[in-house]
Structure formats: structure tokens, C-alpha cells
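TrEMBL has this to say about the protein:
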type	residues	note
DOMAIN	42-293	domain 'G-protein coupled receptors family 1 profile'
TRANSMEM	24-50	transmembrane segment
TRANSMEM	62-88	transmembrane segment
TRANSMEM	100-121	transmembrane segment
TRANSMEM	142-164	transmembrane segment
TRANSMEM	197-222	transmembrane segment
TRANSMEM	243-264	transmembrane segment
TRANSMEM	276-295	transmembrane segment
Amino acid sequence: WEINGSFYQPSAFLMMGIPGLEALHPWISIPFCALYLIALLGNCMILFIIKKTQSLHEPMYYFLSMLAVTDLGLVLCTLPTTLGIFWFDMRRIGFDACLTQMYFIHILSFIESSVLLAMAFDRFIAISHPLRHPSILTKTTVIKIGLAIILRGMVSLFPIPFLLKRLTYCGKTELSHSFCFHPDIMNLACADIKVNVFYGMIILLSTVGMDFIFIVLSYILIIKTVVGLATKEECLKALNTCVSHICAVLVFFIPMIGLSMIHRFGKNVPPLVNTLVAYTYLIIPPALNPIIYSIKSSHIREALLRALRRKSE
């Protein structure tokens with residue numbers, strides 16, 4: 001323990017793998033390695049295809065590139081500590097290193113939420129105002145949206161590490177996951193955490209919560225527009241362009257909401273359930289998003305097939 005002024009701060013935390021299954025960690029690491037590999041290769045493939053295919057240089061695919069970069073960031077944030085525990089039982093993480101990992105995990109999660117909102121806005125404009133779509137979402141506008149998304153995440157979460165550093169920690173230093181998560185660290189403190197709880201809740205509701213509400217509103221407007229289309233074929237064609245985005249939204253928001261609820265209200269939830277929801281939240285979306293878009297987007301699928309044919313020739 002280190003004494004900093006009038007409060008105590010641990011030199012390190014101990015991370016947790018999968019509770020009750022520690023003996024099976026080497027075997028459990030196999031599906032995790034597969035998911036990480038799929039996420040890394042899949043998102044790199046999406047970025048490569050969009051960069052090399054001129055016809056994909058439009059707002060929908062620019063936002064998809066942002067999503068792929070964000071997913072790569074999430075994977076690289078959690079991969080070292082997760083596989084470190086499974087392979088080498090390296091549970092110890094320094095206090096400041098833990099806060100740094102936590103900060104980037106939460107920033108990237110907030111950025112992913114905002115990118116999904118931007119993609120919903122793009123689909124709304126493309127379906128409701130197709131003729132004005134190129135003039136509304138120009139390349140400059142997309143860049144500005146991207147910068148605003150990054151800035152919002154960084155600024156809103158900037159106080160979190162400092163709010164955690166001011167707390168007094170005593171006794172328990174064992175985290176619930178193989179990565180650092182704000183509510184998890186906060187609950188180890190033996191001081192008044194009302195400020196941390198209040199600020200965390202306000203930031204979560206005003207960013208991710210608002211993003212989700214606006215995504216739902218976007219789809220209500222999209223459905224309203226689609227219903228007014230002349231033929232059933234046009235209606236299905238318009239909705240088909242949204243399927244991959246809807247899947248990405250569900251894959252991201254459902255486990256995120258579940259994990260937030262468990263940490264704040266699920267005191268009696270079994271540790272194994274908590275752990276599985278956390279891994280689902282941070283590993284499954286980066287692995288599934290490239291698969292979803294490769295299957296559902298004919299443009300990406302065709303570009304991928306062309307690239308594979310060139311390599312085989």
C-alpha cells in the first residue's frame with residue numbers, strides 16, 4: 001500500500017479470469033484466441049477493402065471504417081490482460097496502468113455508441129432524402145462528425161481517472177474481470193463514492209443513453225418513410241440496407257446495458273454471469289461486426305471476392 005497525502009492507494013489490483021474455472025484457463029483461451037483473431041483480421045480486412053475500393057468511398061463506409069478502427073482499439077485494450085491471465089496467470093496490474101486501460105476501454109465504448117448513431121443518421125438521410133444525401137453528408141461533414149465523436153468521448157470521461165485516484169482503497173484489491181472497468185474499481189473503495197456513482201450515471205445516460213434513444217428515433221422515422229413507399233419491393237430493399245446496422249446496434253447495446261445494470265444493481269448475480277456478460281460486451285461485437293457487414297453488404301462482399309481473385313491469379 002502507498003500513502004498519498006491523507007488517503008491510501010493500492011500499488012496494484014488483481015484481475016480475475018473466469019471464476020471457478022481457473023484450472024481450465026488454458027483450454028478456455030482457445031475460443032478467446034479465435035475471437036480475437038477474427039476481430040483483428042476481420043476489421044483489418046474491412047479497412048483494407050474500403051481503402052482500396054473507390055466505389056466504397058461514401059459516408060456509409062466511412063462510418064463503417066470508424067467502427068472497425070474502434071473495434072480494433074477495444075480488442076487491443078483487452079487482449080494483453082485477458083490472454084495474460086489465461087496463459088501465464090498474470091493477474092497483477094499496476095494502479096495507474098489499470099486506470100489507463102479503463103479510460104481507453106470506456107472512451108472506445110462511447111465512441112462506438114456514437115458511431116452507431118452516426119450510421120443510423122446516415123441510413124435515415126439515405127432513405128428519407130436520397131437526392132440530398134450526397135450534399136448533406138459530404139466528406140468534410142463526415143470528418144467533422146468523427147472528430148466531434150472522439151472529442152465528446154475524451155472530454156466526458158476525462159475526470160473519471162481523477163475521481164478514482166482521490167478515493168481511499170483498503171483491504172480488497174481483486175477486480176471482477178480480466179480488464180479494468182469503472183464500476184468495478186469504484187466498488188473496491190472504502191470511501192464515499194456518491195460523486196463517482198452520480199458522475200458515471202450522468203455521463204452514461206447523456207452519451208450512450210442519448211445515442212440509443214436517437215438511434216431508436218431514427219428507425220421510427222425510417223419505418224415511417226418506408227411504409228409510405230409505393231411498392232413492397234421498394235420497402236424491403238430500403239429496409240435491407242439497415243439490417244446489418246440493426247444487428248450491430250443490438251450486439252453492442254444489449255450486453256453493455258446488461259453489464260451496467262449488473263454492476264449497479266445486481267449484487268446477488270453469480271460472478272460467472274457477470275464475467276460472461278462482460279466478455280460478451282467487449283469481445284463479441286468486434287468479432288461479429290465484420291462478419292455481419294461482410295454477409296449483408298453486397299458491395300463489401302463483391303470487393304472481398306475481387307481481392308481474393310486477384311491474389312489467386
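Placed from the backbone N, Cα and C atoms, the Cβ positions cover glycine too.
All annotation found in TrEMBL is predicted automatically rather than curated by experts.
The transmembrane segment (142-164) and the transmembrane segment (243-264) are not in contact, since fewer than 3 Cβ pairs between them lie under 8 Å (pairs 6 or more apart in sequence). Long-range contacts of the transmembrane segment (276-295) within the same chain: residues 32, 35-36, 38-39, 42-43, 45-46, 64, 67-68, 71-72, 74-75, 78, 105, 112, 176-177, 179, 181, 244, 247-248, 251-252, 255-256, 258-259, 262, 301, 304, each at least 6 residues beyond the stretch ends and with a Cβ under 8 Å from a Cβ of the stretch.
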